Amino acid sequence: MSAAPRPPFLPGSLEEFTDHAATHHSEWFQYCRLAYEYIEEAEAAIAEARGQADQTSLKLQASEMEVSRLKEELSALHLKQEKTQARNQGIIEYQKEQLQESQQKYLEALKEKDEALRLATPVVNTPARTPEPTAEIHTVAPVGTPASVDPPSTSSARLSERLPDPDRFEGDRKDLRRFISQIHEKMNVNHDRYPTPQSRMTYVTNRLRGAPYAQVLPYIKKGICQLKDYEEILKILDRAFGDPNRVNNARNELFRLRQANKEFGMFFAEFQRLALEGEMSEDVLPTLLEQAINRELRGMLMHNEPPNREYHQFANFLQDLENRRRHYENNSPPAARTYASATKPTNPVRPTELPATLQPAENNTDVMDLSSAHRHTTSRRDRGECFRCGSKNHLVRNCPLPDNRPVGVRPTYLSPRSHSPSSPEPTPVSERYRSPSPDLSAKGVSLA
């Protein structure tokens, strides 16, 4: 910003200003122009300073809000840390009490054992020995080792094989069914390891963490669960973390399930799981399964009627179709020797009009007589069916099944000859570009 302009003269009165301005009007004009420019620059600088002051004020407010938020987070962390310390201290005290109780019970059990052994020892007076009369000593034949009268060894009464501990449950709804199932398996197989309800409930609560443990914590007093047995703990967890809409959710997933590019076995396993969880009736499952399979299987199903629409038999039939399709794809014949090079017609013709130029060469004994092949009136070409799958709903170029023939066997399309008045009517394009009928290509011969 430039310096403030100074007037050319500082008059003491109005008359002096008038006299001076009359004689020096150009200087006063220059002064007024500079004064107006200075005023405009000053106003712009003031506006910019006000904008910067407003931005600084907003930044200050944002900083104050950020400081307040950080203080709240710090307070929450301190509170959480205090709660964690209090909980850990409670757990330590509980474990100490449990250790003391276990030691006390162990000492009492030792005392009871010693007392039982003392009471089990017989106390009788030994009678005085009387002389036995002399008698003949008879020799007794040995009859084998007498049976042992020792008590059975305690090692024979072994505990059941210990199952691995299930992973801790931390509150995931999708993981609850797995946890409940593994807990039931653990208690059923290792029931001898947890003979009392308190031992079973203690084991289950020790497999909980976070929110699930907080649901059971109000029922625990001084380390002892006040419930009847571990099933009640599982019911509490099911009410808190179970899926109340599990059946409907499974049905919705089943309705949206599609095979796409999956193998049928993997797809059907997921389909079966959702059907069981959704409690679906087996009467509707075949229809749902048919709607969920991919396009290739539906195309094969159109021309392979299943022998039975019962759910499991229908699924086995679809699996058999899938196996056949994959077997065909993996075992396609190699392009070793074909008959396509033996017969190369100059112009494709209609099935009913076969020129003499399509006769095979005389020196090639492996070429089959194509003129007789066109005499069949029941071929797929005559019926208007797809050459590949036999469907009447589409042509071979729109067939969903892949073209797995070797490259040498595939048809070679030639440009049609120029038509003369005496030449036969050209074949339509839709028929010229079809694949050969299975009846005419049984040995790999292409008629295109």
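Think of each number as a place in line: the chain as shown, counted from 1.
Using N, Cα and C of the backbone, Cβ positions are placed for all residues, glycine too.
A TrEMBL annotation is a machine prediction, not a hand-curated record.
In TrEMBL this protein carries:
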COILED    39-119  coiled coil
COMPBIAS  159-171  compositional bias 'Basic and acidic residues'
DOMAIN    386-400  domain 'CCHC-type'
REGION    142-171  region 'Disordered'
REGION    328-448  region 'Disordered'
(message) Across the coiled coil (39-119), what does the mean pLDDT come to, as a whole number?
(response) 91
(request) Using DSSP, tally how many residues of the domain 'CCHC-type' (386-400) sit in helix, strand and coil. (result) 3 helix, 0 strand, 12 coil
(message) Counting by DSSP secondary structure, give me helix, strand and coil numbers for the compositional bias 'Basic and acidic residues' (159-171).
(response) 0 helix, 1 strand, 12 coil
